[in-house]
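Student: Have a look at this one.
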Amino acid sequence: MKNKALFLDRDGVINVEKNYVHKIEDFEFMDGIFETLRYFQEKGYLLIIITNQAGIGRGYYTEEQFHILNDWMLSEFEKEGIYITKVYYCPYHPEHGIGKYKRDSFDRKPNPGMILKSQKEFNIDLSKSILVGDKESDIQAGKRAGVNVNIIFSNNKNGDELDCCKKINSLSELVSLIL
């Protein structure tokens, strides 16, 4: 039997968007994230994070710093009884990357690479899955991969001008939208 997944962008969906968050002291969970993820976990969704991390490519922080923050974030979720299936990240940037990080990548949203990797790794039925992002590139990745429901979290100006998909203004709206 195939799994269904809730795909989540990180910055701007799981945590408050700040410029290139890479330190624990700068990481602030979005209001309602724990309750929302707990609900979807209880409904049998795999919880998968897909995040572009151009700050690595630009040299603002290292992959090691990303992993330290990521491990802390996952432990905070676990304290709340929430288990993230996997975090996929893309450190590359085609224009502003430095050294080995300056390249295009099929994993970099709006490309669907991270979603398609997870589909294969966890036997995911994308037609029964949901993606939540806060930028058009998130939604494009979901659509290109064949994710059935793509939702823009328009808690900021990025989502307000888009006519691409369903919109929510708070994470609590996600639960009622899917019911």
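Each residue, glycine too, has its Cβ placed from N, Cα and C.
So Swiss-Prot says this about it:
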- D9, R10, D11, E17, K18, N19, Y20, T51, N52, Q53, A54, R108, K109, K135: substrate binding site (BINDING)
- D9, D11, D134, K135: Mg(2+) binding site (BINDING)
- D9: active site, nucleophile (ACT_SITE)
- D11: active site, proton donor (ACT_SITE)
- T51: site 'Stabilizes the phosphoryl group' (SITE)
- R108: site 'Contributes to substrate recognition' (SITE)
- K109: site 'Stabilizes the phosphoryl group' (SITE)
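Looking at the shown structure, can you explain where the listed features end up?
Tutor: A sphere of 10 angstroms centred on the C-beta of D11 (substrate binding site) encloses 19 other C-beta atoms.
K135 (Mg(2+) binding site) falls within neither a helix nor a strand when secondary structure is assigned with DSSP, and so counts as coil.
Its own atom aside, the Cβ of D9 (substrate binding site) has 24 Cβ atoms within 10 angstroms in the protein chains shown.
Look at T51 (site 'Stabilizes the phosphoryl group'): DSSP puts it in a strand.
Long-range Cβ proximity for R108 (site 'Contributes to substrate recognition'), meaning a same-chain Cβ under 8 A and a gap of 6 or more residues, is found for N52, C90, Y92, H93, P94.
Mapped onto three states, the DSSP output places K109 (substrate binding site) in coil.
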Student: Taking only C-alpha atoms and a 10 A limit, tell me which of D9, K18, Y20, T51, A54 are near K135 (Mg(2+) binding site). These are the recorded positions.
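Tutor: Those close enough are D9.
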Student: Roughly how many Å lie between the Cα atoms of D9 (substrate binding site) and D134 (Mg(2+) binding site), rounded to a whole value?
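Tutor: Distance (Cα to Cα, whole Å): 7 Å.
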